[in-house]
Structures are given as structure tokens and as C-alpha cells.
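Visitor: Would you mind keeping the following structure in view while I ask a few things?
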Amino acid sequence: MRGQRSLLLGPARLCLRLLLLLGYRRRCPPLLRGLVQRWRYGKVCLRSLLYNSFGGSDTAVDAAFEPVYWLVDNVIRWFGVVFVVLVIVLTGSIVAIAYLCVLPLILRTYSVPRLCWHFFYSHWNLILIVFHYYQAITTPPGYPPQGRNDIATVSICKKCIYPKPARTHHCSICNRCVLKMDHHCPWLNNCVGHYNHRYFFSFCFFMTLGCVYCSYGSWDLFREAYAAIETYHQTPPPTFSFRERITHKSLVYLWFLCSSVALALGALTMWHAVLISRGETSIERHINKKERRRLQAKGRVFRNPYNYGCLDNWKVFLGVDTGRHWLTRVLLPSSHLPHGNGMSWDPPPWVTAHSASVMAV
């Protein structure tokens, strides 16, 4: 890239120097001499207004694309409302099909114990999906307090010009700094941070379970409905009523939607589960990856200062303190607060052990 740029800039600079030299000569036409002089004046004015010795080509590109960034951020902000409505409509359509189409069919074929199991599991799963999605949307992710000087800060935010605690990052869409920011989720129309990260992951997890349950449970009904739809164009045409045709198409829609969401959302859930097991957020993964490469080039090993071990990472993330909390705080709806305030973090055991060994020496 640099070689191509130098090949293009070399002839351009040579032509410009020739024009400047011609401008000094008296034989040069007055028109050309005036153009060269205006070029110099314009260059001086531009540099006096915009020149910065600390800036470079990257700064100029960022400044040029700032209107584009602003447009994208505002479009995503408004599209977040559309995505939230879309999630509610799609989820509501699946629930309506389950009650209006699936339930009348299984009432005639399933046994009473099997019906009871499906009844309790499906409603338990639905309650957890609705609860965690509502909490993820309405719960603020957490913002660093402004005007306080007693918080431990790592740096100053270049956008907010406020102290930025550890694991805090600026969201260009919300235009605020977010504590332990993971990402901005358009499907929530909200940032995923310290106080709603658990709700986001729990929604993804239980929504994946619900989609897998619907896809697997409706497999036989889907096959029958799909085979019936294939016979619509036969001669003579089958004698299906309007209600039966709607039921067939609804079952096919249910199976394809739940299967596709189970695959896509399941992959996202597994990815976030891996990050949680490592004690990282989505942003910290990229930061730690660069830091790991930098230290590896120096022959050193990078260790995540927020990794407490796989099990302890999950306990901190889910807010679990006792064995009973796995039932009351994970498998049942719970609005308990996460561990910590999102601004200061306890050091992991390996950091404490290293500090103790240094003090002993």
C-alpha cells in the first residue's frame, strides 16, 4: 500500500514543484503565476485552520467520515425500536400458533402425563423468556457517576471527557459510557452492560431452549403439514378446509422460524458462554487478543486480570452465592443485582498470591 501511494504521489509532487518553479520566472504567464500564488495562499489558510502536528491520515479519514458515523448511529438507534417490535411480534406469533394450532392436535393424541409435562415446561420456558427480555430492555446497563472523584479510574473518555473506570467503554449509539460494556444490542434497543448482562444472556439461553423445544416437539406435525401442502396442486385437489390449510402453513412457519432462530441464537449463546467462562466481554476479547500478541512478541504471557476461574466466573456473572441460588436466581425469575458496582473489581486469586509473594520477599 505504501509503495503504490509513493508511486502516485511522486509524479504529483514533481509536477507541483515544476509549477512552483515556473511561478518564480518572469517569463511565466500571469495566469499561471496567479494560480500558483492562490494555491499557496489556500494551502496556508487550510493549514492554519485544520493543521495538527499530532494528527495523521487516520485522523483526517475519521473527520471526513464523521457524518456517516453519525447517520449510522442514529439509524441504528431508531431501528432498535423496530427490532424490539419484531421480536415481540414473532414470539407472539409462535405462542398463538402453539395455542390455536398445536394444542388442539396434541390434545387428541398425547396422554395426560405427557400433556402435563408439556404444559408445565412450555409455560415455565415462556415466563423466563418474557421476564428476561423485559428486564434486558428496561434495565439500564450502568453508567459511571459524573462529578465524583473517589472512583478508581483507568483513563479519561475522549467523548464524554469524564473519568472512565476499568472495563468501561463509550457507546457511540447511546452516546454514554457504559460500565462493563459488552456490546450495543439492536434487538434490545439497549446497551448490554454490568446491570443487564445477565438478563441478556438468560434471554438468549432460554429463547434457544424454547426454539429447540418447539422444533423438536413439532417435527411430526411439521412433516404431516408439509406433505399436505405438497398435495394442494394435485388433480383432483384435496378437500382441505380453510382452517386446515391455515393450520398446515402455520405449522411449517413455526418449524422453520424456530429452527433457524435456534441455530443462529444458539451459536451466539454458546459464544457468549465461552466469553463468560473466560471472564471477558465481547470488547475485552479484542483488547486482550491484541495485548496477548504484544506480550507474546516480547516473550511474556498475558493473563486476564478479571478471570477468576470458570466456575467462579459464572458465579460472579449470575450472582450466585449459595447452592440454593442456582434454583431461585437462575431457573426462576429473579431481579437480584449483580456482584459489585461495576467500577471496581476484586483481584483474582493468582494476582493476590503474586502480591503476597512479592510482599514476603
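Here the Cβ of each residue, glycine as well, is placed from N, Cα and C on the backbone.
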Visitor: Go through the topological domain entries in Swiss-Prot and note whether Arg47 and Asn189 share a side of the membrane.
Guide: yes
Visitor: What does the DSSP secondary structure composition of the domain 'DHHC' (155-205) look like, as residue counts for helix, strand and coil?
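Guide: Looking at the domain 'DHHC' (155-205) with DSSP, the answer is 9 helix, 16 strand, 26 coil.
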Visitor: Against which stretches of its own chain does the topological domain 'Lumenal' (220-250) lie, if we need a Cβ under 8 Å and a gap of at least six residues from its ends?
Guide: 97, 100-102, 105
Visitor: For Cys185 (active site, S-palmitoyl cysteine intermediate), what residues in its own chain, 6 or more apart in sequence, show a Cβ-Cβ distance under 8 Å?
Guide: Ala136, Cys191, Val192, Phe200
